[in-house]
């Protein structure tokens, strides 16, 4: 799964459409960047852009946009209702998929340093990227706004993190940083504004003040009345949905409303939402209601129903979930997303990757998928009704393993490519030689870890496959037989890929440990596959 970072730069121009479009163009023309939204405000004279992409791409996209802004925006003439201090006022980086906040901090640091060096402007780090507590919040950095910068920059306490401590009239200053994804989530009530606000005060982290904190961490909240819909809302901002989830806010609001004898009539998501936030809610309701729902589309539909996300307007996942708006990979990348014909063609081409490691991962992924298939061919049928509970338990591990193993098809090829890149590093000086040696050793360890992960993943499936062989739909006997051999073959391939990469690793203790482990996994695969085949051969109709 590719990494995805959201970038939300705020530029101090909301009236001149040519400038707004030029900045949009700079972002969309950056390879790897997908522009999701452009929100221009004439009264604030400010435009908020939302775009996503891999970490290195969004940094380039933000820089390209800033270059255009430096030519077209003159802060000495800027007027607007929104607080501001620079042509590019603020530029946060936000993790969406496969990226940590710490990695987004690195994005902010790289962007801030390059922006300051190229445009010779002052840049401050805020949020999770802040280097001192006094700069964690944007209002603290922006205090006094653009007009205060000439004197502020002369103070030692306000020396920028990057760039000169001098006033640049046409630009001002920029703040960049990292934060978690913010979700705006409103719950609908048939009640009054005051009742909604009472609930918000009980729930939001701030509560009613220091002496009366609320129950939900990382949640802001207020109550208001939506005249056009003739209902009240508990309006919340989830500052970290992994600390307090969507379903937690909804369920707690329902509990508060019940105590006030108020009906909750659905909810509303404002803006875009990460897929994980909805899948976490789906997992909660599946467990709470003992539901067996495997497909992502159906799990999203469940959440839309349980939270009433379509109560005020249609909720289209394809238009509201960030990951659905962004292609997983470019057309030239992603073995796992290619057709079978294209994948086989690449394997057969005159290149070292994809090779045996990717083929082993693909075989194991298909073996796990066959296990899932047999489980589903058993589940929900009247003649196997007594096995429904068992199948509910057995099917998910196969589906999860199949998805994980599919990612290893690409991971193996990428590990090999990274090793080749290390091979090409210069080795003219002692320092370069040391750097190259370290990179080669790291590349070899990565090349070992991928097939080892494959073998470990398959090992976790043998108990489930044994049980499926004993009680699964016998009409699928041959499918389970193929599954057993495909999984064994995957481990077989992993074993030899580990060995060939261990050969040049210099850490002997590491080599011995990994060799012993992968040998054990191969022997286990041979034994377990044979047991599955024997069980299937002896089973009677």
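Cβ atoms here come from the backbone N, Cα and C positions, even for glycine.
According to Swiss-Prot, the protein carries these features:
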- 1-181: region 'Formiminotransferase N-subdomain' (REGION)
- 316: phosphoserine (MOD_RES)
- 335-541: region 'Cyclodeaminase/cyclohydrolase' (REGION)
- 386: phosphoserine (MOD_RES)
- 412: active site, for cyclodeaminase activity (ACT_SITE)
- 520: phosphoserine (MOD_RES)
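The least crowded of the modified residues 316, 386, 520, judged by other CB atoms within 10 A of its own CB, is 386. Cα spacing between residue 520 (phosphoserine) and residue 412 (active site, for cyclodeaminase activity): 21 Å, rounded to the nearest whole number.
Averaged across the region 'Cyclodeaminase/cyclohydrolase' (335-541), the predicted model reaches a pLDDT of 92. For residue 316 (phosphoserine) paired with residue 386 (phosphoserine), the C-alpha to C-alpha distance reads 38 Å. In the three-state DSSP classification, residue 316 (phosphoserine) falls within coil.
Sequence-distant neighbours of residue 412 (active site, for cyclodeaminase activity) (same chain, 6+ apart, CB under 8 A from its CB) are 353, 354, 355, 357, 358, 360, 361, 447, 450, 451, 497.
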